[in-house]
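First up is the structure itself, then whatever we jot down about it.
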Amino acid sequence: MKTLLLTLVVVAIVCLDLGYTLTCLICPEKDCQKVHTCRNEEKICVKRFYDKNQLGWRAQRGCAVSCPKAKPNETVQCCSTDKCNK
């Protein structure tokens with residue numbers, strides 16, 4: 001009986017998704033507080049700065065599977081801890 005119970009506990013632990021889910025900020029404002037839970041495959045928080053037609057720099061934040069390459073007139077910052085893309 002103890003063996004059966006132990007087996008059931010092990011199976012339950014293996015079947016549960018015990019993985020860590022990253023959270024990143026997702027708003028463009030400088031003092032962004034809007035948090036988004038990333039999908040399981042998204043392990044990177046991204047913050048992109050880009051020049052918006054002489055209106056100054058804008059930021060775009062979110063989750064990503066990998067760190068994207070910067071486009072012309074753009075700066076990309078990537079990190080991998082919760083809400084690190086401030």
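Any Cβ shown, glycine's included, is placed from N, Cα and C.
If you check Swiss-Prot, you get these features:
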| type | residues | note |
| --- | --- | --- |
| SIGNAL | 1-23 | signal peptide |
| DISULFID | Cys24-Cys45 | disulfide bond |
| DISULFID | Cys27-Cys32 | disulfide bond |
| DISULFID | Cys38-Cys63 | disulfide bond |
| DISULFID | Cys67-Cys78 | disulfide bond |
| DISULFID | Cys79-Cys84 | disulfide bond |
Looking at the disulfide-bonded residues listed here (Cys24, Cys27, Cys38, Cys84), whose Cα lies nearest to that of Cys78 (disulfide bond)? Cys84
Most isolated by CB count within 10 A, of the disulfide-bonded residues Cys24, Cys84, is Cys84
Need the DSSP three-state call for Cys27 (disulfide bond) to compare against my parser. coil
Counting all other Cβ atoms within 10 Å across every protein chain shown, which of the disulfide-bonded residues Cys38, Cys45, Cys67 scores highest? Cys45
Sort out for me which one of Cys32, Cys63, Cys78 has the most neighbouring CB atoms within 10 A, since those are the disulfide-bonded residues we care about. Cys63
Using the alpha carbons only, what distance in Å do you get between Cys24 (disulfide bond) and Cys67 (disulfide bond) once rounded? 14
Using Cβ-Cβ distances, find the residues under 8 Å from Cys79 (disulfide bond) that belong to the same chain and are at least 6 apart in sequence, listing them in sequence order. Ile44, Cys45, Asn85
Take the C-alpha atoms of Cys27 (disulfide bond) and Cys63 (disulfide bond) and report the distance between them in angstrom, rounded. 12
A correct count of other C-beta atoms within 10 Å of the C-beta of Cys27 (disulfide bond) gives 15
Rounded to an integer, what is the Cα-Cα distance in Å between Cys84 (disulfide bond) and Cys63 (disulfide bond)? 11
To the nearest whole angstrom, state the Cα distance for the pair Cys32 (disulfide bond) and Cys67 (disulfide bond). 20
